[in-house]
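So that you can see what the record holds, here are the features copied from TrEMBL:
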type: TRANSMEM; residues: 21-42; note: transmembrane segment
type: TRANSMEM; residues: 54-72; note: transmembrane segment
type: TRANSMEM; residues: 79-97; note: transmembrane segment
type: TRANSMEM; residues: 103-126; note: transmembrane segment
type: TRANSMEM; residues: 133-151; note: transmembrane segment
type: TRANSMEM; residues: 171-191; note: transmembrane segment
type: TRANSMEM; residues: 222-240; note: transmembrane segment
type: TRANSMEM; residues: 299-317; note: transmembrane segment
type: TRANSMEM; residues: 352-369; note: transmembrane segment
type: DOMAIN; residues: 381-484; note: domain 'Periplasmic binding protein'
type: REGION; residues: 485-549; note: region 'Disordered'
type: COMPBIAS; residues: 503-520; note: compositional bias 'Low complexity'
type: COMPBIAS; residues: 521-531; note: compositional bias 'Basic residues'
type: COMPBIAS; residues: 532-549; note: compositional bias 'Low complexity'
């Protein structure tokens, strides 16, 4: 005890307090080192606009993770939060847009939907005795399916009042960041100052002991999963406001990011440990990683590898902490003797060193990647493709890269993987980098609107390829009019009334000209105006015999 007291009291200055704070919080140490590394590698990282972008990009994951924190602290798991977020956003858009309900009532329905999904999951766990993994996996499928049924598989635009939640206050503070902070404070209050919060820690530490102490475990599990569903609904509303639409396929895989944020923040998958502040730090680490790697032009595929490694290391650190921590069974820990204190210091130092090594490795790899792909070009152009699983867009990427090489332009190509939210993040990152221009192949015309408007506000021209952008100014649109092209064969062929008139007049029905396929029409779309004019001026022909009057 004397040794710990001396170490704790000497050098009471601010530097010692900061050192102890970093050593005792591995996630915070990793975040500080990660920010420092990204700042050194990219001059665009520490700009005000980019840091606000990081906050916006972390908001949805953090809100989902706050709800998952309740579940993990109680030794459970919730895999349904991404689907519940998409379902809640779809209910909001469908109620307000398709059904004409007031926005406030539609938002209330969305929140009720999220809570109801959580209650169903909680009932399956508490009363059905299903493992949380299975119960929430079933809800993941149910929620996604209902979102697709309600929306018929298509995005639904949200009212302008909902889209306003994705804007800024005072022209600089993003509303999603404010919502994230408020939900974090609510999480901290529930965990630290309410009976359900204390019950979560008790259930996670030892469920049987919690039951014997008088805690109604089944009732508390309903509350826990209902809170998780409610937080998922809030995240869905924030996501819909960012994209100006409800995407039934949105938030795919977000449940994994949410769980990763909680674990990276120091929570234990075995339950009983976790804090709101740690969850927020974990979400920020994921956002900084993705944002920084995008700025360093690292492929989205390699980003998944990096995120997976970070999650694995976070779980490894959790395992090390539980095995080597100063628990009751550790020698010397109960008395607080030197061996217990030394073991704790060794674990903290090891966490700090491991975080430093991980960040340094990421920074070094990104630096090598960047130096090999920058090419020294001064003019930077960003291209965001909806997906590279389509051969057409693969050819689009290849053509853009060939032209950029010929023109001496540095072209950054990103793959949105059919995720409208990911594409919005990519456009925001391009804007933070002050690209000369941005080329976007939108995943969804409504969802791309807010980020394209922000780029236009920053004075960056945006060119749309293959699909336009709604409610946003673009420099030009490069696309074929497939609707007009497909209707061209119908306009060229004689109508039914014309055929009947010709049959009555000429006593013989003319054989209709063969219809041109929509594929062929789309290939000739660039010549459709000239062709349609010539076909309109040409008299109809007939191959049948002509009768006499």
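Including glycine, each Cβ sits where the backbone N, Cα and C put it.
All annotation found in TrEMBL is predicted automatically rather than curated by experts.
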For the domain 'Periplasmic binding protein' (381-484), the number of residues DSSP places in helix, strand and coil
42 helix, 22 strand, 40 coil
Beyond a gap of at least 6 residues from its ends, the CB atoms lying under 8 Å from the transmembrane segment (103-126) belong to 76, 78, 80, 84-85, 87-89, 91-93, 95-96, 132, 135-136, 138-139, 142-143, 159, 161-162, 217-219, 221-234, 236-237
Over the domain 'Periplasmic binding protein' (381-484), what does the predicted model average in pLDDT?
88
Would you say the transmembrane segment (222-240) and the transmembrane segment (79-97) are touching, if the rule is that at least three C-beta pairs must lie under 8 angstroms and be 6 or more residues apart?
yes
Long-range Cβ contacts under 8 Å made by the transmembrane segment (54-72), restricted to residues 6 or more beyond its ends, are 78, 81-82, 85, 132, 174, 176-177, 179-180, 183-184, 186-187, 190-191, 200, 204, 224-225, 227-232, 234-235, 238-239, 242, 251, 254-255, 257-259, 261-263, 265, 267-269, 271, 274-276, 279-280, 282-284, 286-288, 290-291, 421, 425, 428
Long-range neighbours of the transmembrane segment (171-191), counting only residues six or more past its ends (CB under 8 A):
48, 52, 55-56, 58-60, 62-63, 66, 69-70, 73, 164-165, 197, 200-201, 227, 231, 234, 238, 241-242, 274-277, 279-280
